[in-house]
Amino acid sequence: MDLPVNLTSFSLSTPSPLETNHSLGKDDLRPSSPLLSVFGVLILTLLGFLVAATFAWNLLVLATILRVRTFHRVPHNLVASMAVSDVLVAALVMPLSLVHELSGRRWQLGRRLCQLWIACDVLCCTASIWNVTAIALDRYWSITRHMEYTLRTRKCVSNVMIALTWALSAVISLAPLLFGWGETYSEGSEECQVSREPSYAVFSTVGAFYLPLCVVLFVYWKIYKAAKFRVGSRKTNSVSPISEAVEVKDSAKQPQMVFTVRHATVTFQPEGDTWREQKEQRAALMVGILIGVFVLCWIPFFLTELISPLCSCDIPAIWKSIFLWLGYSNSFFNPLIYTAFNKNYNSAFKNFFSRQH
């Protein structure tokens, strides 16, 4: 008998105790058919690929930063912190989440491992989100305050942001364990999930998502305004077009000089400013895509995480799984987006692989 086609139906062949007592009959003693439908195998393969690719890509970014000496500075320390959080998501969180899906969202690995998994899940995902926020803030200050935001200041601020990111993530993830703020494991129903206590739901979702969401949206709005202001300033520094050549003659009889102006537009713009503007435009585009993907990946999950405990809504398990894995996929997209807009990473990757042969 094929299992229902959804993420939550990748159940193992061993039935639950209730099913054993009430549903086993003569017909159930016949040989079982394949555990997973074709669609289930495809989904399982896709999720397995997502886990492996997320781990490999973030590990590559992290290894490159550690190996290349020129990357041992800002903003690459922020990228390294993001890669650490994302590689931990792929190594510690996603595999157990995949096992959870295969078990039909029934947790059969005990209370301690459940608590550890949930704590790692909240810690690593929250750190990943706040690392994106830190990168956006660093880009914002480097674009809008490049004279004041010196290398020393930038290094100090980035280290503080990294420390605050992991400290806040640890507080949010460990609060249920340290303060008894709700329960993550139910032995009777074999459930393992983030605490459903309404007060903790508000605290965790605001601290892990809604607050950084407000920060990144504000930051990108300011970056957009700064970019528009620069374009406006560049226009005011240019001379209006001249339709025809103009001759200017000196009024003095001796000697007589004639000036002919044939250029349509004269723009006063140092070459250094042009290079800086191009760099800032790439940075603004990178931040915009990074923020956009971050919002699209995580907002469905955090909306349900906030609404469900407050209204006691019963959200179908299939949607919980989809929203959860959509959020996990953000850890796959983060390094792709950042390295795609940085030519130094592309050349560093080529050198990294060429040295292996």
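The backbone N, Cα and C atoms fix where each Cβ goes, and this holds for glycine too.
The record in Swiss-Prot lists a disulphide bond between C192 and one of C114, C120, C124, C125, namely C114. The topological domains that Swiss-Prot gives for I65 and E277 carry the same name, which places both on one side of the membrane. In the predicted model, the topological domain 'Cytoplasmic' (221-287) has a mean pLDDT of 60. Of the recorded ranges 115-137, 156-176, 288-312, the transmembrane segment (199-220) has the largest number of C-beta contacts under 8 angstroms with 288-312.
Summarised by DSSP class, the composition of the topological domain 'Extracellular' (177-198) is 4 helix, 4 strand, 14 coil. Cβ contacts within 10 Å of D121 (serotonin binding site), excluding its own Cβ and spanning all protein chains shown: 23. Note on the transmembrane segment (288-312): residues 129, 132, 135-136, 194, 196-198, 201-202, 204-205, 208-210, 213, 216-217, 220, 223, 319-320, 322-324, 326-327, 329-330, 333-334, 337-338 of its chain, located 6 or more positions outside it, place their CB under 8 angstroms from a CB of the stretch.
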